[in-house]
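**Student:** My structure is below; once you've seen it, I'll send some questions.
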Amino acid sequence: MFSSSMFPHLILPAIGSSKVRTMVLPFAFVGFFIFPICLASLLDWNDAYEYPKYSFEWSNVSILEGDIDSIKEKTEKTKLSSLFYAGKHEYFCVYPNASLIKQNSTTEPSYDLQELRIQGTEKINELANVFLIENRGYWTYDYVYGQHVRQYHLEPQQGSDKVLANPMYILGTAPNTQTKKNLEENWAIGFVEGKAYLQTTFRNGTMCDITKRPRHVILSYECSTNSDTPEITQYQEVSSCAYSMTIHVPGLCSLPAFKIQEDIPSEKIVCYNVIKEKSNEVDHKDSQHVVDEVAQTSPPEVKEVETQSS
């Protein structure tokens, strides 16, 4: 089945109107109306800002079951296809080959990395007076720029308004990045689908009972949302007493290299109704024309179709 974390919003036909139109609905609502195709696993969708982005379309063009093999043979290598079922109905869906798209994307644009490092850390310095705190169930995490990252459990004290942090662990302390040499040594620049992020490591945390080594946390600073407020967007213990944390820095969004690429056009997922034989009750074009149209790189335009009001 689809996962709400994989498809937070899909563009789908509206229901209960005289015409089919496209609209954006929360997945929790549209999930009742979508057949169980496992496109989430096929497309490896992670979040709303993942690349490539997708839009979903129902086509009013029906295809003959006997034409499917021919369509598959003619489909561009940048596209994949699958058959799916919803009750008694069969659908043929054409969707992008996400692996090829990512392989062909520019993951490391040409930038002056040292200049990018300087510009980026200047924006991160704006967190100097910011205290970030994130509660994740039993544990709470906080980040203080230039100082540390901590993990602790907040325990209310009986008969008092005070809350005790017990236990508390320092996951890592900030390195010295004041000199140019330290700046280069302690700040790494990475790219994910052409978007830059800065990364550093806070070391010398509380000693770990399991590894017998000090805890450490890898911090990634990026423009990860459209929010004007800095926030901890991701946290994970990747191995015993080794952690990763991602922090959204609004200032980085003003730098082109770090900015979310919202203007990237979405890749289409188009599904067609499959029929056993030609019928006057459906909109079915000349068989060979349909084969060529469905197999082409750009799926056919979805038209407005008159429907009965429910």
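For all residues, glycine too, the Cβ spot is worked out from N, Cα and C.
Here's the feature list from Swiss-Prot:
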type: COMPBIAS; residues: 282-292; note: compositional bias 'Basic and acidic residues'
type: COMPBIAS; residues: 301-310; note: compositional bias 'Basic and acidic residues'
type: DOMAIN; residues: 129-255; note: domain 'MRH'
type: CARBOHYD; residues: Asn60; note: N-linked glycosylation site
type: CARBOHYD; residues: Asn97; note: N-linked glycosylation site
type: CARBOHYD; residues: Asn104; note: N-linked glycosylation site
type: CARBOHYD; residues: Asn204; note: N-linked glycosylation site
type: REGION; residues: 282-310; note: region 'Disordered'
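If you look at the structure here, what lies around each of the features I listed?
**Tutor:** Mapped onto three states, the DSSP output places Asn60 (N-linked glycosylation site) in strand.
Shown in sequence order, Lys77, Thr78, Lys79, Leu80 are the residues of the chain, 6+ apart in sequence, with a C-beta less than 8 angstroms from the C-beta of Asn97 (N-linked glycosylation site). DSSP classifies Asn97 (N-linked glycosylation site) as coil under the three-state reduction.
Secondary structure from DSSP puts Asn204 (N-linked glycosylation site) in coil.
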**Student:** Out of these glycosylation sites, Asn60, Asn204, which one has the fewest other C-beta atoms within 10 Å of its own C-beta?
**Tutor:** Asn204
**Student:** Express the distance between the Cα positions of Asn204 (N-linked glycosylation site) and Asn60 (N-linked glycosylation site) as a whole number of Å.
**Tutor:** 61
**Student:** Summarise the model confidence on the domain 'MRH' (129-255) as a single mean pLDDT, whole number.
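**Tutor:** PLDDT averaged over the stretch: 90.
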